Amino acid sequence: MKISVGLYGTNAHQIALAMIQGFNKHYTLFRQTSREAKTRFEQADWLGVHKAVKERIRFYDDRVDECVERLRNQFDAASIDDTTWQQVKLLYIGLLLNHKQPELAETFFNSVTTKILHRNYFHNDFIFVRPSISTENIEGDDTQTYRSYYAKEDGLRGTVLKIVKDFDWHRPFVDLEHDVEHVYHAVRHFLNGMPPREVNFQIQVLGSAFYRNKAAYIIGKAINGATEYPFTIPVLQNEAGQLYLDTILLDAWRIGLLFSLSRAYFMVDMEVPSGYVQFLRSILPAKPRSELYIMLGLGKQGKTMFFRDLIYHLHHSEDKFIMAPGIRGLVMLVFTLPSYPYVFKLIKDVFGSSKEMDRATVKKKFMMVKQVDRVGRMADTLEFSNVMFPLKRFNDEVLAELQQLAPSCFEVDGDQLIIKHLYIERRMEPLNIHLDRMERANNVERLEHVIREYGSAIREMAQANIFPGDMLWKNFGVTRFGRVVFYDYDEIEYMTDIKFRQIPPAPDFETEMSGEVWYAVSRNDVFPEEFATFLLTSPQVRKIFIKYHKDLLSPRFWLEAQEKIRSGYVEDFFPYPQELRFINRQTDLTEEQ
């Protein structure tokens, strides 16, 4: 259908205008809070940072609901006929021709229409199953996606100075020239000497800093001949309010870890988000675009792109969904597609007898994880509703488990299986399986690494105000980089809501030996001394854990962590090794000079 001039001014045109106005309002608010991240960083308003991240998550759904309500009240959305809806989509496309965020606006259109239309309309005639507007080479009106620098006149040191100063932070640096010297020597060491500069030598830097927690990140790449060198420079602030360059990350894989879904989302002021994603993809080609959008705070766009990728993969693969390996959970039913690196989780209709909660509580726990700082220790999830899969792609075991444990969560419509509510997250090897493999292989070095990681995960979550609740090995996974991450959320609580207690002495020897509890226990009481009994049954594992994390087995650590959180203290979490920090490399600089 071609767009007719006669459609302008019609009901369809007014509906399309209402929808683009709804999106524009959303993105204006999104950019405003992202822009304010610079001020929060300068003012060291760390509690404000966490508050802003939590509030921003609600922005999208609030604007979608607002737009749906407007269409229902102003246009009687339920009575709009099919022809008009098709015209609305075509007119909406016309409104996106010169838009700076067309891909986000298309996703907003989908979010609104799928709340109004039946799923039979979820195809490209009515919604954007495929994108309609190219996002290639969109230029901003007010800002550049990236800035280019040439070291011919100022030299490399002078150019790095200019790059940092161009971010215009309203805080003094402790000693910027000294930090730049560190940058220079770190680069020279990484490259085993400075290569000759080609005629096209330049440094490209994304125009907005990336703000998260207590850090600002400068992200860019150097181009020399046919070679590109990605880099990231974290900028931190000391207690005196002075800034300093903490390190420079030069390995692409290490930069990629900054964008891990187990970490909090960035705040970035982007006029053209597709330009930022395109730049990031040039330095992180293995990172899916969907994950980059998510980490930029654009979760709905990330979900849209993820699902398009999944459907595309299903069209080009033949394997079937199977039950995920590992011990079956009491709350979640989990399956996976072997050829795709994700797991799919449903909330069961009936939980195990030891679980005292309902479906609504579980959903709140998953939302809680999105709103907190995951500090690289909690897997992010993508939440979907009414997802259609080819029925033939499920093996008999998965279908039987669905029918037995979650019959209200799915339905079959012809050759499609529709799952009403679903969480999707990155697949990891369950820690209990990994430990068993390492013990059987007598791989002591690897065993020590993951047990140390396990304790560090618990410690860092606690410092970020999260108590995992069920700390059994099966509730943690091991990433492909060897990092231990928590992924079972039905029992998590805020640290500040837990009462950590020491087990009181038994009144007599007989009582102590009886195996019965001799003290009163309330719902949120936790006794850290009991952890070893349930978790450290293997002598080898127990020895390693106590070597690194003995303090986690006493109330003192937990009470001190609570006290810090309640006082408003925000812990420092570094998404890179301590040995890379310039403060720990002073001798390297002295030796090179």
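Heads up, the Cβ atoms here are built off N, Cα and C, so glycines get one too.
The shown structure was predicted, so the numbers you read here are calculated from the model rather than taken from an experiment.
Swiss-Prot has this to say about the protein:
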| type | residues | note |
| --- | --- | --- |
| ACT_SITE | Asp380 | active site |
| BINDING | Ala324, Pro325, Gly326, Ile327, Arg328, Gly329, Leu330, Lys345 | ATP binding site |
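Shown on the structure are the features that Swiss-Prot records.
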{"residue": "Ala324", "record": "ATP binding site", "DSSP (3 states)": "coil"}
{"residue": "Gly329", "record": "ATP binding site", "DSSP (3 states)": "coil"}
{"residue": "Lys345", "record": "ATP binding site", "DSSP (3 states)": "strand"}
{"residue": "Asp380", "record": "active site", "DSSP (3 states)": "coil"}
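Site extent for ATP: among the recorded binding residues Ala324, Pro325, Gly326, Ile327, Arg328, Gly329, Leu330, Lys345, the largest C-alpha separation is 15 Å. Cβ neighbours of Gly329 (ATP binding site) (same chain, under 8 Å, six or more residues apart in sequence): Asp488. The Cβ of the residue listed as 'active site' lies under 8 Å from the Cβ of Leu261, Ser262, Ile294, Val369, Lys370, Arg374, Glu425, each on the same chain and at least six residues away in sequence. Each of the binding-site residues Pro325, Gly326 was scored by other CB atoms within 10 A of its CB, and the lowest score goes to Pro325. Within the set of binding-site residues (Ala324, Ile327, Leu330), the lowest number of other Cβ atoms found within 10 Å of a Cβ is recorded at Ile327. Counting every protein chain shown, the Cβ of Arg328 (ATP binding site) has 13 other Cβ atoms within 10 Å. Sequence-distant contacts of Lys345 (ATP binding site), defined by Cβ-Cβ distance under 8 angstroms and a gap of at least six in the same chain, are Met332, Leu333, Val334, Thr381, Leu422, Tyr423, Ile424, Glu425.
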